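Notes follow the structure.
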Amino acid sequence: MESATGSGSAGDCEGEEQEDSSSSSHQSVQETSNALNNLNLNDVNKDVEDELTVFRRQWKKELESTPSAQHESRSLVKKEVKKEEPLNEEDKAKQLFLRGVELERSRKLYEAIQHYKRALQILPDVERRLYNDSDLRDDTPEEESVIVESIQGALAVESDDEDAVEGEDLLTRLQRILARKGQLCEPEYPTKGGHISWLPYEVLQLVLRWVVGADLDAASLERAGAACRGLLVAARAPELWRCVCVRTWGIECGTPRAHGYTNWRHMYVERVRLNLHGCYISKTTYLRHGENSFQDHLYRPWYLIDYYRYLRFFPEGLVLMYTTAEEPAACVGHLKYRDTKNNPGIVSGHYRLVGDTVVILIKKASNEKKLSQASNTRFRARRKELHEQHEQVFQMELQVRSVRRRRNWQLVWRRYAVSTRRDQWSAFELAPSKFPPFAFSAVRAYTADSSAPLLCSSA
């Protein structure tokens, strides 16, 4: 029994020693593995840290070497700060307007109009402020340079005169350029149909005579000459302007050199004349006493009376006068035609321009004369005397003046007399309040069409 127990105890001791040795060896393995792991992690961390430091150094060098990037970073920081700050009304309006511009570029016109309206309601002059902003100006320098280059290129193409002389007249220079090209004008874009450049010079002159017309619409001739340099040369033809001057001042108008002018057109522009593409209007205002009321004798009304005088001149010496209380917009159309049968209030007469004074003579028959013509024809001699007594003759003398840059724009009263009998004239006192000057007003309807071309007799 003892031997058995002894052997058992010995076996237990050996097992315990084996377990201790195995556990110690396992601990040593774990320690070594942990140490290796720590070494590997430290090495990896050091490598990562080294790479980060190198990247940071390179990034800082790039930022220092490129100022634009630094400027952009600062602008981004500023924009972020601005976003954080509350926007005022001006900034809101600018943002709305710029948003409208973006929508308009993307073909969303309805939304763009809504943004424009909201921006203008907040700040009416938002567009001007955006234009004056330096940031907006710096955004589009390339577009402006392209526009300037295109304009310069067009000017370079147009100015193909190598023999330009300093101080030379524009008309002479254009004539030399067109003579070198061999044609008056050419189409800017290719056309499938006919073009005005196909017409001969003589036919083009006839077209320009119709542009001026029998009513001497020189303003339309100037607008036609502004279309291109070929039409400018054709519209400055001396024969055209000579006919205009003869129709304006008569066959005895003289020559431009005799009056100190360079050419016929210069004479027409600078010399005193009457404007024919409209009418002269004078408005008279006065107070008139009313009658006392039969109920209240202390009440006495006053009336403010307004009426207008209209004068329309024609090239052949005819003048129309119309006195009415209607506004100009309602009655200037009645003076378009020479025939006045449809409107008995309009009277016709004749005028003549002497220097800067226009003399007008108008005859007006009274209503009694018309009644006598319809009655019995007995006692014709006696009725003839009555007719002569009731016929009124108006004689007016007006001075033509220019107001600021408007040539021949005003007619000032110089004399006004009325004759109801032979050699008996009654002159009016020309007070400024009763006879204010006439002011010219252009009427488009007078020159909308042309009934006949410009004609003139040989001098």
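Positions of Cβ are set from backbone N, Cα and C atoms, glycine also.
Pulled from TrEMBL:
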- 21-42: compositional bias 'Low complexity' (COMPBIAS)
- 71-87: compositional bias 'Basic and acidic residues' (COMPBIAS)
- 262-370: domain 'F-box protein Hrt3/FBXO9 C-terminal' (DOMAIN)
- 1-43: region 'Disordered' (REGION)
- 63-87: region 'Disordered' (REGION)
- 93-126: repeat 'TPR' (REPEAT)
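Predicted-model confidence for the repeat 'TPR' (93-126) is 87, expressed as mean pLDDT. DSSP states for the domain 'F-box protein Hrt3/FBXO9 C-terminal' (262-370), grouped as helix (H, G, I), strand (E, B) and coil, give 19 helix, 48 strand, 42 coil.
Per DSSP, the secondary structure of the repeat 'TPR' (93-126) breaks down as 28 helix, 0 strand, 6 coil.
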